[in-house]
Each structure stands twice: as C-alpha cells, then as structure tokens.
C-alpha cells in the first residue's frame, strides 16, 4: 500500500519482485502535509500521476490510495489539509480509471460529503479497516460502488459485531492490514476463531511459524471465521468465495472468473 510518494515508489518496486504482488499509489491522510512540504504541491501530484501511469502500464498498480480522512490523528496533519488532498486524489483515480483504497477514521460526515461530490470521478473502492458506527456504515452503503473492508480492528467490541451484521455480504471485503490490526483474545469476535498457527519470537524466526505478536497475512482466515461465526454461516468456503469475488470485482475485474473460485482453505497462505 502506498502512503506517500516515496512509499508508493517502494511499493511498486516490491510488487515487481513477484508475479503475485500488486500495489497502490497514493497519499495517506496523515501524510498529506507532504504535498505542501515538498515546496511544489502540483509537482508532487504530477509525480504521483507519472508513477501511477508507469505502474498501470506494468500491470502492477491496481488502485489509488491509501487516501481519505483521519481525524483521530490530527497531530500529523490538519483536517483542512487532509480534505484538500483527499479530494485532489480523485483527479488521479479519474484520469487512470482506477478504484480507490480508502481510509476513514472519526470523519464520517466529511468523508461521505467528499465522496458524494466526487462519486462520478472514481469507478469503485473500499473503505478499508472499517471501525465506524452503524450510521457511518449506512452512509457508506448508500454509494453503490463502495465496499467495506473488515479486519481485526473492526471486530473489537460487541457494538462492532452488531455493525458488522448490517453489512451485506455482497458489499464486504476482508483483510488483515498486516502487520497491524490483529484479532486479539480480548476482542469480542475472538471466540469464533478456529484456525491458529504456531508462533515464535522474531529473534527465533522459523519459516514454518508466524512471528509472535505480529499480524500475518494468513490470519485473514481468522477474519473470515469471525464473519462466518457472527453471521451464523456454516459454509465458510462459500462465504470465502463471495468475499473474494468482491475483491476481484474491484481490483482484478479481468480475472474475476478465474480468481473468484479460490477458497481460503485450511492451508491458506494469502
């Protein structure tokens, strides 16, 4: 995931090391001061445009982001600056006809207002790592081209699970946000988890184990199990197909027929 111009360059370089990897290009809301601190905001933006075009041509950039609003961490970037450059990045999505990888924290109204004003400028997107209330959820669901991304941070409290219950499966994605946002034993949804892996401290790294206290990509299986348990769904494989198809529909539409058949099985490593 790109969080700044520099990180977006690094993300593209990493994606090019393996055929299974893809990336985004964009600026995280807490990093939006970089536009102005660069000394030339328009030049900074044009560098993002050039990088994104290059990545699309190489078949590696599949979305614009991570961009949005984060009012929980205004110490890193003022709200007005966040709003200005969140809206600016719709130009990038529009020019390249790419979906958006979105971030929303404690900013539901302003976020949805900007989405509404620019809904014609992006084809689709996901508000990832969703932690909002039922009202936030319902406002997002009004945009028929937006999905809601669920990870460990979305499953902490009983209220979180109640909000989750109101997200239609056809509008949901699951994710890890690794190495952060793990599902902890204190989380309300933790009792639905069935899959666990051996772990070791990072100082004793073992390729057959996860790293203790670090969220790992394979833990997406746990998110799947919490969603299934909370919704009373016994056929976890079918749920996996639905959610994975949602992901393909937004980020890999040309591969939908092939990729939608993948099930996050017991040996899942993605």
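Every residue, even glycine, has its Cβ placed from backbone N, Cα and C.
What TrEMBL says about this protein:
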- 66, 177: divalent metal cation 1 binding site (BINDING)
- 103, 128: divalent metal cation 2 binding site (BINDING)
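Annotated features, which come from TrEMBL, shown on the structure.
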residue	record	CB count, 10 Å
66	divalent metal cation 1 binding site	27
103	divalent metal cation 2 binding site	26
128	divalent metal cation 2 binding site	24
177	divalent metal cation 1 binding site	19
Separation of alpha carbons, residue 128 (divalent metal cation 2 binding site) and residue 177 (divalent metal cation 1 binding site) (Å):
9
